[in-house]
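So that you can see what the record holds, here are the features copied from Swiss-Prot:
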- Ser111: active site, phosphoserine intermediate (ACT_SITE)
- Asp61, Ser174, Glu330: Mg(2+) binding site (BINDING)
- Asp61, Ser111, Asp376, His377: Zn(2+) 1 binding site (BINDING)
- Asp335, His339, His451: Zn(2+) 2 binding site (BINDING)
- 431-443: compositional bias 'Polar residues' (COMPBIAS)
- Cys140-Cys202: disulfide bond (DISULFID)
- Cys486-Cys493: disulfide bond (DISULFID)
- Asn141: N-linked glycosylation site (CARBOHYD)
- Asn268: N-linked glycosylation site (CARBOHYD)
- Asp503: GPI-anchor amidated aspartate (LIPID)
- 422-443: region 'Disordered' (REGION)
Amino acid sequence: MQGPWVLLLLGLRLQLSLGIIPVEEENPDFWNRQAAEALGAAKKLQPAQTAAKNLIIFLGDGMGVSTVTAARILKGQKKDKLGPETFLAMDRFPYVALSKTYSVDKHVPDSGATATAYLCGVKGNFQTIGLSAAARFNQCNTTRGNEVISVMNRAKKAGKSVGVVTTTRVQHASPAGAYAHTVNRNWYSDADVPASARQEGCQDIATQLISNMDIDVILGGGRKYMFPMGTPDPEYPDDYSQGGTRLDGKNLVQEWLAKHQGARYVWNRTELLQASLDPSVTHLMGLFEPGDMKYEIHRDSTLDPSLMEMTEAALLLLSRNPRGFFLFVEGGRIDHGHHESRAYRALTETIMFDDAIERAGQLTSEEDTLSLVTADHSHVFSFGGYPLRGSSIFGLAPGKARDRKAYTVLLYGNGPGYVLKDGARPDVTESESGSPEYRQQSAVPLDGETHAGEDVAVFARGPQAHLVHGVQEQTFIAHVMAFAACLEPYTACDLAPRAGTTDAAHPGPSVVPALLPLLAGTLLLLGTATAP
């Protein structure tokens, strides 16, 4: 049918005639010059053969390649650009690879099995965490003896400080991969663990958070799993459903505080910023919601810190250790937006995640810090329909579908966006599709949209980043980190310390000077805002 193609060509002619597309892009010299500059930069790349003092892994939960592309366009359009020519912070990382995300038992994985792969270096089974594939989902008696050790745990044993930052609950599958061993990723609190499993000795994830290893910084959501049943939540005291859930009567926050003389617990943004500036604070736990943290578009900026602010606070504390640090940073609600088939939520979460990556890059040095950005898995999220460049990423394709109705350029293969109106697919308008609450249409009706099984990108910068190349198993990521920092099982890595130091554990440039003006200014504003 010629109709859609004719409309597309007419639209393109109109777009060019209106001057939307930069006129210089019509000249081949523009593209040749751009490519020559990129080639020149590539020729200057020199692998950093030194050891990494610090390790940061940024995990975009559910951030497949289509999500990265769409978020890049959205970030540009928010700055009044056409979109695709924009660079995300992660795009600037010089080394890129693809990661195969399958679990031992599934083509398409969950976040528990993938966390085991990229944090522990071993593939496991669907919905298990920190266990080899010899462990079976929901079978407590297969836990013991099948535990695998995370890079974060190895970093702690090597004398480094370690931290976990996430926009989900801190007991969620991705961050739990750094410290927990469980046959069921949903065992957040002891109330979620069957009595039979508790009798067999299986611990809930919240208990493991404070008992399995000494984590210096813990920031995210998940308050309700740390307190006894009936404990009112400080932010929602009248909502019983948001209060403590524990059946064992334990106050895990108090138990954690008692372990460390310099420990501090906070539950709002003001307390976080104050604690991060206090030199007496050696350990910091911040739990800012009963469950997952709010989406960025719903965040109360007076109470809830952004992912970037949590990352800054974590870096401020962790960088005090002259032996270096390991930091896990997760943009966890990208995944949740996709499961809801709400692309607006997923993409704005991706941009917030990218902002945290950019800020961390400003506060650390690639001379001594290996930074990796990746996803645990993708989603059945597509971007197509021949939209005109510069048109809204949330807009409509220029042509109609065979049912003579409009369709959006962003769609899902399955999910809750499958809706029938009078027995047919409903028409959609530009104003509807641009709403933050809009669910993109799906081909198959499901209560929740599913993960996808294609490879995901890995971006790398810093010492040993050149090892990130080609198409690799997801487990390779953990091994690159361990080798770069000379952690088990690569303690005999034979890597030289970075220039200007006598050993790889020597302190490098501190993030403290860069952070102090920002945090002090923020606290001053907060004090002014709350003054009577």
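The backbone N, Cα and C atoms fix where each Cβ goes, glycine too.
Here the features listed in Swiss-Prot are painted onto the structure.
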| residue | record | DSSP (3 states) |
| --- | --- | --- |
| Cys140 | disulfide bond | helix |
| Ser174 | Mg(2+) binding site | helix |
| Cys202 | disulfide bond | coil |
| Asn268 | N-linked glycosylation site | coil |
| Asp335 | Zn(2+) 2 binding site | helix |
| Asp376 | Zn(2+) 1 binding site | coil |
| His451 | Zn(2+) 2 binding site | strand |
| Cys493 | disulfide bond | coil |
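Summary of the Zn(2+) 1 site environment: with the site residues Asp61, Ser111, Asp376, His377 set aside, the chain residues having Cβ atoms within 8 Å of the Cβ mean position are Leu59, Gly62, Pro109, Asp110, Thr114, Ala115, Ala173, Ser174, Asp335, Ala375, His451. Straight-line distance linking the Cα atoms of Cys202 (disulfide bond) and Glu330 (Mg(2+) binding site), rounded to a whole number, equals 26 Å. In the three-state DSSP classification, Asp61 (Mg(2+) binding site) falls within coil. In the three-state DSSP scheme, Glu330 (Mg(2+) binding site) is classed as strand. Each residue contributes its Cα atom, and for Asp376 (Zn(2+) 1 binding site) and Asp61 (Mg(2+) binding site) these two points are 6 Å apart. In the three-state DSSP reading, Cys486 (disulfide bond) counts as coil. Summarised by DSSP class, the composition of the compositional bias 'Polar residues' (431-443) is 3 helix, 2 strand, 8 coil. Listed in sequence order, the recorded positions near Asp335 (Zn(2+) 2 binding site) (C-alpha within 10 Å of its C-alpha) are Asp61, His377, out of Asp61, Cys140, Asn141, Asn268, His377, Cys493. For the pair His377 (Zn(2+) 1 binding site) and His451 (Zn(2+) 2 binding site), the Cα-Cα distance reads 7 Å. Ranked by Cα separation from Asp61 (Mg(2+) binding site), the recorded positions Ser111, Asn141, Asn268, Cys486, Cys493 are led by Ser111. The recorded positions considered are Asn141, Ser174, Asn268; of these, Asn141 has the fewest other C-beta atoms within 10 angstroms of its C-beta. Taking the mean position of the Cβ atoms of Asp335, His339, His451 as the Zn(2+) 2 site, the remaining same-chain residues with a Cβ inside 8 Å of that point are Asp61, Gly62, Ser111, His336, His338, His377, His379, Gly448, Glu449, Thr450. Just so you know, the Cβ of His377 (Zn(2+) 1 binding site) picks up 27 other Cβ atoms within 10 Å once every protein chain is counted. Ranked by CA distance from Cys493 (disulfide bond), the recorded positions Cys140, Asn141, Ser174, Asn268 have Ser174 at the top as the closest.
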